[in-house]
Amino acid sequence: IISPQPETRKPKKSQDSKVTLQDFEPKCRAGAENSVVIYTTTLRGIRKTFEECNRVRSIMESYRVQMFERDISMDSGFKEELRKVTGTKEVKVPLVFVKGRLIGGVEEIVKLEEEGKLEMLFEGIPIAVPGCKGCGGVRFVMCKQCNGSCKILDKQLNKIRCGECNENGLIQCPICC
């Protein structure tokens, strides 16, 4: 959640060589120019991927930075969006983008974190305010149109696909997303 007038992160000096966003490849999706976007999965099918996503999420949350998490297991549209942004058919998560630049996956984020360089990338990004009352931080809520079934009745009482929700019967939280 973002406060109405968000504070912005102040620059910090590092003893190591300075890392800047210009060091990373620009790969931008619309509206991501002044934010952090992470693509993850909460699906536990592949343990290593699930644990890597949790590790990156935890690191990013520790900085209290405004972050938009795009869970590809909750909405297949995020997977397609990631394919377009990266220009590849094969999608590997987690992936972190800061101000429209691809920072990398778990190895790159952990390395930057250990070297104390990660926080420098967040300069000027608003600080997040925790606690969404709508979704409890999950970022999705059940569709009110179909109650999560993905099916509604048309005028002739035939079951049709709900046009409001994703394949899981969920919509993005209207409060925080």
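Cβ atoms are placed via backbone N, Cα and C, with glycine included.
Feature annotation from TrEMBL assigns region 'Disordered' to 1-20. Taken from TrEMBL, the feature compositional bias 'Basic and acidic residues' applies to 7-16. Residues annotated as domain 'Glutaredoxin' in TrEMBL: 36-103.
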Next item on the list: Please list, for the domain 'Glutaredoxin' (36-103), how many residues fall into helix, strand and coil according to DSSP.
Entry: 27 helix, 18 strand, 23 coil
Check: the domain 'Glutaredoxin' (36-103): mean pLDDT?
Finding: 90
